[in-house]
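A.B. asks: Structure below; questions to follow.
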Amino acid sequence: MDRAWRYVLVWDGWVRLFHWSVVLLLLLSWGSAKSGNWKLHFFSGYMILTMVLFRLAWGVFGSQSARFGHFVRTPLRALAHLREVRRPGPDLHVTHNPAGAWMVVGLLLLLLAQVGTGLIADPDDFVVRGPFARMVDAATSYAAYGLHARNFNLLLIAVGVHVAAIFAYRVFKGHDLVAAMLTGRKKLPPDVAAPRIVSMARGAVIFAVIAGAVVALSRYGAGA
């Protein structure tokens, strides 16, 4: 890369917080389910719901680089990008590349499905059931339990593909995407404009509203 290239802030603090929080929360969800700590499992599920709903809102009202309209392209463009990955030369995408953008969308949908099925799941083992399982019929809640388990396997596959893509970018493009998601900065040529980053305060307001709504939902579920 030319020395004129400079590090530019492309990921705001809220995007980075979402990314690493979800990583930790998925580990917490898995560990709490394995140990049978269902109170902690429900807590992590509600936290994942909070973070995903926030990311969806931030994808509309957040920084330019966080907005879905800024980086999501057509599926055909994503497929074309996959063919370009092994070609030599740096990646000039400011934020997510077209294929990575669809991975983000897919992960968000899988996370929503995981939380949604968990809320109404009932394995019919008289040990634990989702807080809203009583609001649906037994067949639906049992089906949700099965989907909850299978969807987690899909999540693991998606995460594996995500990690493999990060490694491929390191090898073929020379980009350290992990460092970029930690620091928020990415090395770009001087003729590429930096994205507009909005204030953290805006994110705090959006997060507070969503967190309050999820807390209300959890209390309603506890009394359902």
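Our numbering is plain: 1 for the first residue shown, then up by one each step along the chain.
Placed from the backbone N, Cα and C atoms, the Cβ positions cover glycine too.
The shown structure was predicted, so the numbers you read here are calculated from the model rather than taken from an experiment.
Features from TrEMBL:
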type	residues	note
DOMAIN	10-184	domain 'Cytochrome b561 bacterial/Ni-hydrogenase'
TRANSMEM	43-61	transmembrane segment
TRANSMEM	101-121	transmembrane segment
TRANSMEM	152-172	transmembrane segment
TRANSMEM	193-217	transmembrane segment
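Give me the lay of the land around each of these features.
C.D. replies: For the transmembrane segment (193-217), same-chain residues at least 6 beyond its ends with a Cβ under 8 Å from one of its own Cβ atoms are 8-10, 12-14, 46, 49-50, 53-54, 57-58, 61-65, 70, 94-95.
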A.B. asks: What is the average pLDDT across the domain 'Cytochrome b561 bacterial/Ni-hydrogenase' (10-184)?
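C.D. replies: In the predicted model, the domain 'Cytochrome b561 bacterial/Ni-hydrogenase' (10-184) has a mean pLDDT of 92.
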